[in-house]
Amino acid sequence: MVARRNKPKAPLVKHRFSGGDSHKPKPPPATKQPFSGVESHKPKTSPATKQKFSGVESHKPKTPPGKQRFSGAESRKPKTPPATKQKFSSLERSALYARREAANILRTVLRGDAERRAVASIKSLVLSPSVRNKRGTFALVCETLKYLTVIKDVLDIANVLNSKWKRQEPLVFIVCYDILFGKDTPSIGDAEKFLMRHKEALLSGLATLLVRKKVDSVDQLLGSKLTGHLKPRYVRVNTLKMDVDSAVQELEKHYTVQKDETVPDLLVLPPGSDLHAHRLVANGRIFLQGKASSMVAAALQPQAGWEVLDACSAPGNKTIHLAALMEGQGKIIACELNEERVKRLEHTIKLSGASNIEVCHGDFLGLNPKDPSFAKIRAILLDPSCSGSGTITDRLDHLLPSHSEDNNMNYDSMRLHKLAVFQKKALAHALSFPKVERVVYSTCSIYQIENEDVVSSVLPLASSLGFKLATPFPQWQRRGLPVFAGSEHLLRMDPVEDKEGFFIALFVRANKLDNPKSSELPDRVCRRRPKERTMQLHPYLCPKMFRAWSGTLHRLKTRFLLSRNGC
């Protein structure tokens, strides 16, 4: 056993001691290896040691691989062309950006439509400051939605999408529209190149679809979606920057212009007039705003120097109209909850040049009417979220997948009920501000549940607070549905006759107009105890405690009225 141990130890010890003695001379054999060049193992280690330690000699063999790498990169230029990128024209780049921007908007619209969730209209999304090519983006979104069912059927027949592009369906829909129905053939972009490789399969799928549907053209597949909706182009003059006559003179150089009979600062142009890129629109001298939207602020009739609250203000067209009607004087508090819509609101205010608007990023229902900062509010404009059923064509909602001939304007009853509950709360909250004299409630809906029913449910509370219904625009012929006494004061617009559906109700505090006697007020107000009698019944209450006690009773009474009316 000793012999066995000694035999392997001896060579190991020899190697260890020889290796230990060679700690100092180890570098010389490493340097001698490239010079000797005798043993086959030494030249294998020498290049590695040369590359690591010999700075000058190692760079010489390294440079050829480096050059080969750069030459390899040069050889890839025809495959991923940096040189061809420089040859892209500005039109190609603009089309590429427009397709991406259109895909983002299409994704938002389709997601909201699938979830039956209210989102901004296509026009509002396109007019966002982040969208550069507004005209091209708007056209792509509208045309893709028009042909969307056909595009989906063609993609199902062709079966060319993999998992990667199925996750980017909005962009695929946009590019497929350009390939199948567009004027320009897309040439740059990953999605464009992928679908162009399958162009023949897509065209073959379209031909197969026509045969299956037994039609001769794509127009027969689309049906009613091709029917146009001729509506005049309305333009509101921003009187903070320009007077109406000057705007008429400028626009008459290229268009036929008429002044609207209802709203003084509103102009009427022929249908199809495209003013998105007009100089007056770009510098905020005129705004593309519909007639119904312009009538809302005009119905409120705010006076110069007033403090006005715009409860749901984004995107801001009605807000800046209020500022123009007030001649830039007084103060407007623009309240908006959504952060993205606040940005749009601020951009609109900046473009208009209005300096008397203060943006409040928060929930209107969360505002305290007794807060000293709202003590001087004399007018409130309330245009809350609604179904938008009166502006389906204007919003282009008729292009969405959920819209059909059989289900035209047929909204979910549960969603309508939720909207109506919110609208009642918002209107009751607006009427509770102590110094407010005028309140306008408006919707772009045609449904009674959002219009007359909301007003009638809040009317007892409004009467107890001294409000009555007034008649905005007495010359207007179309009035509210005759479902309660006083509905003739309400204003309606018909989506067929007036090209858009709208509803306006105006509340005016009665004691600010004629100071009625106590016997003329509702019985609920007459039964209120006078303050002197209460102080006699409770002599131990100091005035401060009495005010707190009476305020509590007032809040309880308001809650009782709201609960009784289903708010």
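Keep in mind that glycine also has a Cβ here, set from the backbone N, Cα and C atoms.
The candidate list Asp371, Asp383 contains one residue that Swiss-Prot assigns to the S-adenosyl-L-methionine site with Cys312, Ser313, Ala314, Pro315, Gly316, Asn317, Lys318, Glu336, Asp363, namely Asp383. Within the same chain, residues at least 6 positions away in sequence whose Cβ sits under 8 Å from that of Cys444 (active site, nucleophile) are Ala292, Cys386, Gly388, Ser389, Gly390, Thr391, Glu500, Gly501, Phe502, Phe503. Note on the binding-site residues Cys312, Ala314: the fewest other CB atoms within 10 A surround the CB of Cys312. Mapped onto three states, the DSSP output places Ala314 (S-adenosyl-L-methionine binding site) in coil. Asp363 (S-adenosyl-L-methionine binding site) has a Cβ environment of 12 other Cβ atoms inside 10 Å.
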